[in-house]
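Okay, handing you the structure first.
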Amino acid sequence: MGTVTDDEVIRKRLLIDGDGAGDDRRINLLLKSFTKWCHSPGSPEEGFTQYQRMLGTLAQCEFSMGKTLMVYDMNLREMENYEKIYSNIEQSIMSAHDKIGECKKEIQRAKRIRKNRQEYDALAKVIQQHPDRHETLKQLEALDKELQQLSHIKENVDAKLELRKKQFHVLLTTIQELQQTLEIDEKSDSDDHSQESPAENGE
């Protein structure tokens, strides 16, 4: 016979004792009653009555064991669900970090664009001081077109940056609400167990 582990002992103990409502005591009482019934010299009517009582006690133990198994399976499903939620949160946080990095890059790009635009504006002012030169006018037109393109690019970058900020804010809000929900569920489960124990002991 193999060595029995602590987990197996605990599991068998839970299956016998049910939810702590005295099933272990019922089992011991059932064993004693069965032994007494086997060696009892009483009348058949008394033996039948004792037999019916043992069947009732056995049914109670079986019901408690089934209830315990259902609770155990439910807890397993909840643990799997929480693991999925935690995994999704971790993925969301990683995605948020990536988006923050992208936003920082876009901010740096926007700063470079603004700096270039300032330099172009200063150059345009210098060019405007020499309006009599045809080549200077062509350069000025080219610079104006480039400034328009840069302005359009900056507007796109600003729009993307604003969108990323809004998405990140929504993500953080969702994560906080989810964490609060998990804390409430854990507290509710703890309160339910605390309320059930005194009631069961009273029975």
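A Cβ is built for glycine as well, from the same backbone N, Cα and C atoms used for every other residue.
Unlike curated records, TrEMBL annotations are generated automatically.
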Of the residue ranges 21-48, 133-160, which one carries the coiled coil annotation in TrEMBL?
133-160
Take the coiled coil (133-160) and find every residue of the same chain, 6 or more past its ends, with a Cβ under 8 Å from one of its Cβ atoms.
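For the coiled coil (133-160), the far contacts come to 106, 109-110, 113-114, 116-117, 120-121, 123-124, 127.
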